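These notes concern the structure reproduced below.
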């Protein structure tokens, strides 16, 4: 009888210990979830605060809205033909010696020297600053296109280093947009004409690629014939 009573007491004690451990575990879980929620709330608050600060800077003119990393120059800079944009891209790549997709201060310095219009260090910094939308101190391809956009639109000062760059380059950036159209119908006709010109340029490029491919095929065929003649 005594042994049975002792066994019951031991069993009761084990149950109490297990119940206490479970309660402690549940308490730890609740505490962890509370801490996690607190961290998430703090993170969300910091992110919201950063966004509000960014918006305030944009509204006050201290910052520019961020643009997508990838853009279509043909649709964004419609005043230029495909050939003009390709010429600008070739020029950009020529001076992007670091092959990082940007023209930095030293690369711009080399460009201006090659064009025969060397600039001071301050002058180079001012050139970049004039089109540097993201304030990173270097020119992306889009910002490079902005140089010619501003030059074509007459938005650059006569003593601007950027205007000198645009004038000394071999790229013709003269434009005839629809701004001077007398009425809606004239503007519409000019827009349709520009679209037809754009399509014609694409077709010309496609035809040129086809001709090049045909020439490569002929050269390969001629080489095979010459090779077979020597192996016979």
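Heads up, the Cβ atoms here are built off N, Cα and C, so glycines get one too.
In TrEMBL, annotation is done automatically, which means it is predicted and not curated.
These features come from TrEMBL:
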- 1-38: region 'Disordered' (REGION)
- 28-38: compositional bias 'Basic and acidic residues' (COMPBIAS)
- 83-118: domain 'EF-hand' (DOMAIN)
- 119-154: domain 'EF-hand' (DOMAIN)
- 188-222: coiled coil (COILED)
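Residue counts for the domain 'EF-hand' (119-154) under DSSP, helix first, then strand, then coil, are 23 helix, 1 strand, 12 coil. Mean per-residue pLDDT, taken over the coiled coil (188-222), amounts to 70. Broken down by DSSP into helix, strand and coil, the domain 'EF-hand' (83-118) contains 23 helix, 1 strand, 12 coil.
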